[in-house]
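Enquirer: Have a look at this one.
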Amino acid sequence: MASYVIEGGNSLKGEILVQGAKNEALQIISATLLTDQEVVVRNIPDILDVNNLIDLLRNMGVKVKRPTRDTCVFQADNVNLDYIKSEQFLEKSRALRGSVLLVGPLISRFGYAIFPKPGGDKIGRRRLDTHLVGIQALGATCDYHSDMQAYELTASRLSGTYMLLDEASVTGTANILMAAVLADGITTIYNAACEPYLQQLCKMLLSMGAHIEGVGSNLLRIEGVQSLHGCEHKMLPDMIEVGSFIGMAAMTASELLIKDVSVPDLGIIPASFRRLGIAVEQQGDDLFIPKQEHYEIETFMDGSIMTIADAPWPGLTPDLLSVFLVVATQAKGSVLIHQKMFESRLFFVDKLIDMGAQIILCDPHRATIIGLDKRVPLRAATMVSPDIRAGIALLIAAMSAEGTSIIHNVEQIDRGYQSIDTRLNAIGARISRL
């Protein structure tokens, strides 16, 4: 178990480039299974979750070349279906929640898929019903094997249909979409997720020869084709990393230029940080965060406490609420953080309370933060990172704290952030890896 030693109280200065989007990468890499031709993917983040998925594809027989750190060439022309049925495949899939995205391409192209009860973050229940119900509606048969704790799907041929999803699940929509592009007839998905990364998947599939209408809306119409061909695809910058860097700059009173962020795909993220009183200036496709010794949380027009809540796109991504929460601890004023889409994701606040933050955990979904206005800095502490998003929030807290903090289990941070210690040290942070 690796650890970070963080010397707090150091300001950052300079510019930082954002990595490729983790959540997009998991979808795009899975989609390379839909063709036997070469698919070139650029701006791939060099992070644990993505690399584990690439290794899983290699084990399945997919040819993978990596000419540069952020570019991969995939060719799934000799997929080993026997390996997919093996215990080793299930074991590796179980350790990687993103592996569920292989189901759509596998059932669509090969008529067979299997996946275990997944791993990933310990952030409460994350239902897979949307995936299974949608793919079954296309004609697949699903059986649960209690001895393997795995779901097995089979289909001779998928057929298009109309479906109304019970939730706008991003991975659920992606899985159904990847299954539908090779199905017979027309599939209509209503209440589809429409996040930028899902739009990117649609654009990639279109460039491979798929027929998709309604990209960017919650109503997708897919006309199945016989086969897809190769393509080249470049991934968006990671909006979660953009938000994390905004939070770091605010907490450490730093001047920071965040480069090439793809502003149109950030949605309400910059505006939400401005609600906390943080100055976020757009300069072309970059974001400039000026040095601020203090920032004040806004109130609603009636004077009531500001609420920051997650919601399906175009609402605020749930992956950034931990960053908003930690940033609010040093603001002037109070805010209610409402995590609607997952429970248990706020339980890391006890570590911030130990550091001196004033937080009331109302229930598994809500926390009220009373900002200290930087009059009382957070204290250094020794902590364990429970998941990716809490991990980055704890890192931000440690960077702003007085003294030297230690964060254990930083492999959780590695799952979503590329060489974060090296990149931050280059602009003034003092982080050592043990």
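Even glycines carry a Cβ here, placed using N, Cα and C.
On a predicted model such as this, the values are computed, not experimentally measured, just so you know.
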Enquirer: Pick from Asp70, Asp319, Asp363: which one does Swiss-Prot list with Arg97, Met341 for the same UDP-N-acetyl-alpha-D-glucosamine site?
Expert: Asp319
Enquirer: If you count other CB atoms within 10 A of each CB, which of Lys22, Arg97 wins among these binding-site residues?
Expert: Lys22
Enquirer: For Lys22 (phosphoenolpyruvate binding site), just give me the three-state DSSP call.
Expert: helix
Enquirer: Given Asp319 (UDP-N-acetyl-alpha-D-glucosamine binding site) and Asn23 (phosphoenolpyruvate binding site), what distance in Å do their CA atoms have, once rounded to a whole number?
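Expert: Just about 10 Å between their Cα atoms.
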Enquirer: State the count of C-beta atoms found within 10 angstroms of the C-beta of Asn23 (phosphoenolpyruvate binding site), not counting that atom itself.
Expert: 25
Enquirer: Among Arg97, Asp319, Met341, which the record lists as binding UDP-N-acetyl-alpha-D-glucosamine, how far apart in Å are the two most distant Cα atoms?
Expert: 17
Enquirer: Measuring Cα to Cα, how many angstrom lie between Met341 (UDP-N-acetyl-alpha-D-glucosamine binding site) and Asn23 (phosphoenolpyruvate binding site)?
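Expert: It is 16 Å, counting Cα to Cα.
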